[in-house]
Structures are given as C-alpha cells and as structure tokens.
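Peer 1: Features from TrEMBL:
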TRANSMEM  A:12-35  transmembrane segment
DOMAIN    A:14-76  domain 'V-ATPase proteolipid subunit C-like'
TRANSMEM  A:55-79  transmembrane segment
SITE      A:E63  site 'Reversibly protonated during proton transport'
Amino acid sequence: MAIEGDLAQMGAFLGAGLASVGMGGAAIGVGNVVGNYLSGALRNPAAAAGQTATMFIGIAFAEALGIFSFLVALLLMFAV
Amino acid sequence: MAIESDAVEQELELAIHPMDQFLVKPLFGGSDIGMFTITNATLWLGITVLCAIALMVLGTRGRAIVPSRSQSIAEVIYVFIYKMVEDITGKDGLKYFPYIFSLFIFILVANVVGLLPASFTTTSHIAVTATLALIVFVAVTVLGFVKNGTAFLSLFWVSAAPLALRPILALIEVISYFVRPVSHSIRLAGNMMAGHAVIKVFAGFAVVTFISPAAIGAIVAIYALETLVVCIQAYVFTILTCVYLKDALHPSH
C-alpha cells in the first residue's frame with residue numbers, strides 16, 4: 001500500500017514537472033506576438049499606437065494556455 | 001526518509017511554504033469557515049473597495065483645474081479606460097463604460113493592494129475572479145440576445161468561410177465561447193498566484209546564508225516585474241471584457 005501511494009505521488013510530481021513544459025510554449029507564443037508587433041511597428045511607427053490593444057489581446061490569449069499548464073501542475077501537486 | 005534529508009531544506013519547508021499566503025483564515029478565532037465568517041479575504045476585499053473609493057471619490061473631490069497628484073492619477077485612469085472602451089466597442093458601447101471602469105479599478109486596486117508585504121491577494125483566488133468573469137459572461141450573453149435577438153447566433157456561424165467548413169467552425173466557436181469565462185478567470189488568478197508564489201520561493205532561498213544576497217536581489221527584480229504584471233493583468237481583464245462586449249453588440253463576423 002505504501003509503495004503504491006509513493007508511486008502515485010511520484011507520478012503526480014512527474015506530471016507536474018511535465019506540465020510546466022507548457023509554460024515554454026506560452027513563452028514562445030508571447031515572444032512571437034510581441035516580436036511581430038515590434039517588427040511591424042518599426043516599419044510603420046505611425047500605425048503602431050493603434051495596435052497596442054490588439055497586441056495585448058494576443059498576448060493574453062497566448063498566455064492563457066501557459067497558465068492552464070501551470071494550473072494542471074498545481075492541481076497535480078495539491079489537489080490530486 | 002525525512003530525517004536523513006538535508007536539515008536546511010527541512011527547515012526551509014517549515015519556515016515559509018510558498019502557498020501558505022493564499023490560505024483563507026477566519027480573522028476572529030476559530031477555524032471553521034461558514035457563509036458569513038469574516039476572514040482575511042473579507043478584510044482585504046473591504047480594504048480594496050475603500051482604497052478604490054478613496055482614490056476615485058476623495059481624489060477628484062477638489063475638481064481643481066491644475067489637478068493634485070491623486071486627482072491626476074484618477075483622471076489618467078478614467079480617460080485611459082474611456083478611450084479603450086470607445087476604441088474597441090465603439091460609441092454604443094460607452095453606455096457600459098461605468099461597469100467596465102469599476103471592474104478595472106477593482107481588479108487594479110485588489111492586485112496592487114495584494115502586493116503589499118503580509119497582505120492577502122484576493123484576486124489570486126479563483127472564487128473571486130470566477131465571480132467577476134461569470135458576471136461578465138452572463139451579462140454579455142444576455143445583452144447579445146437582447147440587442148440582436150437570434151442574430152446573435154451568427155457569431156458562431158462564420159459566413160466568410162466555405163460552406164462545408166462552417167459547421168466545424170461553428171463547433172469550435174461554440175467551444176471557445178464557453179471556455180471564455182474559464183480562461184478569463186484563470187488568467188488573472190493564475191498570474192497572481194504564480195507571481196506571489198515565486199516571490200515566496202525566493203524568500204525561502206533568502207534564509208540560506210550564502211545565497212541570500214542573490215536571493216534578495218532576485219526578490220527585488222521579481223517584485224518589480226510583478227508590479228508591472230498586476231497592472232497589465234487588470235488591463236487585460238478589462239480589454240477582454242470590452243472585446244466580449246463588442247462581440248455581443250456587433251456579432252457579425
């Protein structure tokens with residue numbers, strides 16, 4: 001019984017660690033959004049100010065999925 | 001197993017657990033929490049509301065032509081949100097500006113107050129953010145049906161796509177519509193929780209003597225980052241509310 005419990009806990013910890021890999025994906029996504037915004041903004045600075053809000057919406061959507069992976073990790077650590 | 005492991009690590013774990021700061025505790029003795037128990041969450045929600053009122057009501061009471069510091073902060077925030085609502089939802093969205101503005105002020109003040117040392121971050125709890133997100137979700141859905149009738153459903157029927165693709169797209173759109181309140185609330189709560197937990201993790205490292213200077217430097221850096229993040233998250237929550245409101249007012253794709 002004790003070994004089974006330990007195994008389950010090990011699985012939860014491993015899963016939490018694996019889930020945090022998803023944050024790397026969110027980092028790539030956010031970097032992509034901001035990088036493309038910046039390269040566009042440097043070509044046409046006049047239009048840049050109007051698109052900041054769109055950029056933030058894009059960041060928010062990309063970031064949400066990273067936060068989901070964080071949530072999965074938290075659930076595995078504390079709720080399972 | 002625990003006895004043989006590193007004594008320092010053991011002590012660390014006991015000293016500061018990074019998630020302890022999110023515990024909801026009753027303020028006046030006892031340990032059971034009922035519906036109306038006054039907890040630290042209640043206290044900090046109250047402080048948040050009082051700070052917001054103090055900033056907006058007392059700050060602008062002078063109505064000076066040359067504004068004082070608090071008045072100019074209040075005015076800058078007001079104009080900022082007003083422009084945002086106008087830009088995203090258009091002129092007919094301005095009717096809902098008071099609600100969006102109070103949402104922004106509440107989240108911003110709650111986040112900033114939560115950054116104070118030894119305070120309790122109310123927005124790090126999904127119970128709080130889910131309430132805010134669900135209110136937005138229900139309000140926007142009801143508003144969409146009231147304003148547009150069944151034409152609101154055209155939000156899910158992408159008329160720009162080829163006909164064969166539309167049912168699949170409609171399914172995806174419906175799913176993404178119902179995930180909105182989930183992601184809306186978890187984004188805010190997750191960001192707050194993660195940031196504050198990271199600060200506490202580095203505070204745990206600061207106990208160990210030989211890395212404490214580096215850890216304290218890291219706390220300062222992360223604290224600065226968090227100051228930025230709390231403002232951006234309040235902004236993001238509000239801007240997404242505006243986007244959802246725009247979808248409800250003008251559902252055509």
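Glycine too: its Cβ is placed from the backbone N, Cα and C atoms.
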Peer 1: For A:E63 (site 'Reversibly protonated during proton transport'), which residues of its chain lie six or more apart in sequence with Cβ-Cβ distance below 8 Å?
Peer 2: A:A26, A:G29, A:V30
Peer 1: By DSSP, how many residues in the domain 'V-ATPase proteolipid subunit C-like' (A:14-76) are helix, how many strand, and how many coil?
Peer 2: 60 helix, 0 strand, 3 coil
